[in-house]
Every structure is written in structure tokens, then in C-alpha cells.
Amino acid sequence: MPLSLLQELIKRPSITPQECGIYEIILNKLNSLIQKEHIDTFIIEQEKEGVKNLFYLIAPKGADKSNLHHFCFAGHIDVVPTGEGWEFEPFCGTQDEKYIYGRGTQDMKGGISAFICAVCNILESHNTSSLPIMLSILLTSDEEGEGIYGTKFMLEELKKRDLLPHSCIVAEPTSINHTGDMLKIGRRGSINGTLIIEGKQGHVAYPQKCINPIELLGSKLGALAGIELDNGDSHFAPSKLVITDIRSGMEVVNVTPQNLKIMFNVRNSPLSNEDSIRSYITSILGSLPYELTLKTNSLPFITADDSEIVKSLCAIIERTLGITPQLSTSGGTSDARFFASYGVNVVEIGVPNDRIHAINERVSISDILALHDIFVEFLQLFIKNAKIENLK
């Protein structure tokens, strides 16, 4: 059951990038169910710069793997620090009638427990001698941190070994009120920017001898701050320039500043990019003396809402839970972007996210069980469809 596995994982204080023996728990659970006469397994455990990653591949024994669809479950076992003021110990997995409490219950050990147990269900109940797909699990201990040596690094390794999946579910906590009410079928990109307006420092009593960068920018700030850079589309909200910091001067009243520095971020739709943002800012600033630096942290991506993975998940959720999931690209960046960069059809689905990174983080027992059941049904449907496809 996913509940007992979740409690076991919560008891491991895997604050980024610590792994705390979680992979051993998962490997033991999976390995105990592998029928070696029918199944080949391929395991990669890698550690780099303190980050530990696990890739576990299940494939039918002796099959031509180039002809099999490869589906992957992915997630991160690391959690953010707990802070103080918890009602329950954050690494105990306390359970009452409705909830399990602890750091990572929602983000995202709950999702991991659900898909690990779903895979175990398939291994226990399915005739693995006729498994028509490759099934894998990819886990990292560095998603909440810099993410350099986590999922991104592992996908680079998988590409070298020709083991990239064709489709993937990342079990991030995407839901709002109940498991399944929102799927993330894409994400906006993220572009950071720094703008420096150059001036000439001087005595405030002689403004004619100074060039005040604050005054230079003043009339133009309204065309930058909070401006929508495009109209968005049916899946993406408009790209918006959000100023996060403005600094100038020396905190004195008798010296005009030498320069003014603005830091900003754009969460961008596919309709905007570095070039279009630079062009827009240039058109606003005109001949002002300035220096602009832009850096793309992640690209926007979308998995088509008529793709098999999206249609299958929606159909299962509607049938089993009686709700129609909202297809969204909202929120921050996630490791799903790394899969998308390799052309993998990726969807994020998980438990609600109302308590992520918060004191007294908790997950509803019913939400965990619902997610587990969705994953089981998805795998069963995926296997059934693969068998039909193989018969054609």
C-alpha cells in the first residue's frame, strides 16, 4: 500500500541533496517482485557532487527493445528544510483518520509512493512474460536545489545509452482541491534579466552637472513594470515582465546615483523569447545609456492535449473520480522541462499542493489512494493498448 511506503519515506530526512537510504527501500520493494525468468532489469545508480540518482528499467526478457514503447515515472526524493513550529515531528509520518503529516508528503514523496506501488501492482498482477512495454523509474535527490546533477544529468546519461523514454509522468503535486483536478501538460519558460541605466554621479544641489539615471528611467518605467509582452494562447497566459529588485544610490540625500540597476523575470509563453524581449526593451529605452543582460533558465513546452498520454489520463480521471481535469501550464518550472527538451511526451499529475514547502505539510489519505489507483489504471490501459498495437 502506498500509505505505509509513504510513511517509510517520510522518516528519511532527505533534505537536498541527501538521499538517506531511500533508494535501497525502493530497490528492495521492486526487486522482490521481479520474475527473472520473464523480466530483464537495468539499474543505474549515479552520484555526482553529492547528488544521488536512480534509474530502474523493467523490460521483457530478450525482447528487441528498439520496438518497445518506453514509459517512465519520474520524481524527486529530496525535500526542503522544515523550519520550526510543526504540530507533529516533520520526519515521523504521523497519521490520523484523514491525513499523513510530514515534510514531503505532498512534495513529492506522496506521488513517488503512489507510482512505486502502482508499478508493484503491475508486477504482481500482470503476466510479465508478455509485457509489451519497457517501464522505468527515474528518481533524483536534487530537484529542490540547483538541479544540475539531477534529472537533467541523468537524461544526458540515458541519451548516451539510447535509453530515453518516449513518454513520462512526473508525479509533482499539481492538483488544487482533489487529486486529478489539474494536470500540467506544459510549463512556461523562465528568463532572468538585469538592466543597468548609466548616469553621472554628482552633488544634488547641481543637477545640471549630473545625469540622474532614476530620472532617465522614470517616464519609461510604466512601460516595463508588469507589462504583458504577448497575448498568450489557449494554453499559456501572456508573458509578463515582473521587476523583482531596483537599486540605486548610496542611501544618502545629497548625492545623485551613478547608475540604476533593475532585476526582473519573465515567465514566458512560446510567443516570447530572449530576442523579442530584448527588442521590446530596446524600443522603450531608445537612446538611453544602458546595459541589458538576459538569461534563459528554461524554455516553455507543451504536450498536446490530444496526445495518448493526456487523453488516457483524462479518461481515467473522468471515469474513476467523476471530474474533468483542467489542463494547465501554470506555476513555476519543474523537472518535466528536461524530459520535454528531448522530445518526450511528459505530463505532471499528483496530489494537491496547498501545503507544499509549508509548516505542517500534510496529504489526504484519500488523495494518495486516488493517485495510486489512477496510476494503476493508466499502466493497465497503456499495456493493453501496446498489446493491440503490437498485433497490427
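A Cβ is built for glycine as well, from the same backbone N, Cα and C atoms used for every other residue.
Fair warning: this is a prediction, and the values are worked out from it, not measured in the lab.
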Zn(2+) 1 binding in Swiss-Prot involves Asp107, Glu172; of His69, His70, His76, His235, the partner in that site is His76
Which of Glu84, Glu144, Glu318 does Swiss-Prot put in the same Zn(2+) 2 site as Asp107, His357? Glu144
Comparing the Cα of Glu143 (active site, proton acceptor) with the Cα atoms of the binding-site residues His76, Asp107, Glu172, the shortest distance belongs to His76
Within 8 Å of the Cβ centroid of His76, Asp107, Glu172, the other same-chain residues by Cβ around the recorded Zn(2+) 1 site are Gly75, Met108, Gly111, Glu143, Glu144, Val170, Ala171, Pro173, Ser334, Gly350, Ile356
Of the recorded positions listed here (His76, Asp78, Asp107, Glu172), which is spatially closest to His357 (Zn(2+) 2 binding site) when Cα positions are compared? Asp107
What other residues of this chain sit with their CB within 8 A of the center of the CB atoms of Asp107, Glu144, His357, the recorded Zn(2+) 2 site? Val79, Val80, Gly104, Met108, Ile356
Alpha-carbon distance [Glu144 (Zn(2+) 2 binding site); Asp107 (Zn(2+) 1 binding site)] in Å: 10
With an 8 Å cut-off on Cβ-Cβ distance and a minimum sequence separation of at least 6, pull the same-chain contacts of Glu144 (Zn(2+) 2 binding site), or say none. Thr16, His76, Asp78, Val79, Val80
